[in-house]
Amino acid sequence: MRRWNGWGDEEDREELGAELLAFLREHIGPGRPREDLSLAQALAAVPPPRLPTSTRFSQDSELRLRHARGQSFADYLALRSGDPGPLAEAVALPGTHEETAEALAEAGRLGAIVIAYGGGTSVAGQLQVPRGERPVLNISLARMNRLLGIDERAQLARFGAGTPGPQIEAQLRGYRALLGHFPQSYRHSTLGGWVMTRASGQQSLRYGSIGQLFEGGRLITPGGELSFGGTPAAGSGPDLRELLLGSQGRLGLLTEVSVRIRGLPEHEDFHAVFFPDWENALEAARSIAQAELPLSMLRLSNELETETRMRRSGHAQSIKWLQRYLGMRGVGGGQCMMLFGASGSLAGVRRMRREALALAKRWQGVHVGKLIGQSWRKNRFRSPLLRNALWEQGYAADCVASTVNWPAATGLMRAVERAAREALAAMGERVHVCTHLSQVGRQGCSLCTSLVWPLQAEREADLALWQRLRLATAEATHAHGGSLSHQQAPAPGGDEFGLRLLRAAAAALDPGQMMNPGKLF
């Protein structure tokens, strides 16, 4: 069963390890553990629903609590403190497109706001129930989790929108096929959620982003139903799929999703390369991206993230031997680690490896084999569990994600890290801040900056500190030519005219403002 107040399932555990914990204490001071409220205590505070009972909606207190929040820091803090804020009056769990339409129609008759719920992994605050007199209902798509059809010759598959990542790949494996979309939230996030958040996967270099994989679907809106896609791209008119991608449930309920699939790769490898400094490492990453090698992924850790990953490994003796070898090859302090992956035929993977390593060598890269890369592949979906482990030791954690063109990448990274340190220094605190680069392309890349700091004595102080961090890092991002990812506020282009266009689309599909109004646009 999923944790009600954290990431992952109840049985999932991720230990910090003594060396990493000592490293954090040295850098930012000891943690300040706080006692969590229990599930029983939280349930005792759940208010009674304000709506009459219904056969389509459950008013079970625990079900309402478990659908109250996502995984943003504000959500996480609220649940750990046992005060999730307002809850939906009830939760629907439809199993078909038709049952979903019936639930939405009943919500309309009740004059309710509807918040769609997929895997509950949103980090943008979209699942938070608004305060006000108008009742709110959750419609969860969790039961819509099956493969509904497959065309092996066209390489298209149709799923229920509530299908989580592991079930997608498990159901395709019987056809020797895969989707290949692997976000960090893969174990719990859903196909419909990926579309609604315009998610990117860790191996999108080979398999594409969800926008490239999304072929079509069925959308239920208060104003009517839409079915789109399933055929080659039309030669005229706008593509309605683009309107839906990233819409965060503001336009309606996506019940079925058609995606482009492909055959399972014959072979897959992940390699690690170390560079003497960030400048060489960045140029290597840019060169590889612009050479358009058909790799599946590339990830580059900056100096402090590289050191943090080494401390976290728990293999002190192996790391000691690795550092001795790297020192002999001219890679010492300030080193940065790159991981890259290749998928395909055995001959193709070997060719990609040779070409990538040749480019890395031009920038003083030292290849250390596959062990570190294969370890990353094995454990990559466990990283979010670190937030639970850090909390238990008295530390808070969050991240700032952005996209940027190559020339501005270093300046933006340094500015965001500096802004975070200065923001907390002004409050008498220290922050552990480190960054990795991923989602590379010819023009630019994504940057993800991780932040860890000691918990405060009270929830309100933690929230104020986080908001200060968020504001400072957002200002630094925009000042250095970047765009924030995973944010609650809109900003396609950021101009009012563009927002008017999106609001007009929402008004056509949702004239009564049922679908999570006030979020995004």
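Cβ atoms here come from the backbone N, Cα and C positions, even for glycine.
Any TrEMBL annotation is an automated prediction that lacks curation.
Among the features that TrEMBL reports, domain 'FAD-binding PCMH-type' is placed at 84-264.
In the three-state DSSP scheme, T197 (FAD binding site) is classed as helix. Marked as FAD binding site by TrEMBL: T197, R198, A199, S200.
DSSP assigns R299 (site 'Important for enzyme activity') to a strand. Residues within less than 8 Å, Cβ to Cβ, of R299 (site 'Important for enzyme activity') and separated from it by at least 6 positions along the same chain comprise Q202, M338, L339, F340, W376, H436, L437, S438. Feature annotation from TrEMBL assigns site 'Important for enzyme activity' to R299.
Positions annotated as substrate binding site by TrEMBL: R387. Long-range Cβ contacts of R387 (substrate binding site) within its own chain (separation 6+, distance under 8 Å): G6, W7, Y76, A397.
A199 (FAD binding site): 26 other CB atoms within 10 A of its CB, across all protein chains. R198 (FAD binding site) counts 17 other C-beta atoms within 10 Å of its own C-beta, drawing on all protein chains shown.
Here the binding-site residues are T197, S200, and the one with the most other Cβ atoms within 10 Å of its Cβ is T197. The FAD site is defined by T197, R198, A199, S200, and by the 8 Å test on Cβ atoms against their centroid, the other residues of the chain that qualify are P183, W194, S209, I210, G211, G246. Taking the domain 'FAD-binding PCMH-type' (84-264) as a whole, pLDDT averages 95 in the prediction.
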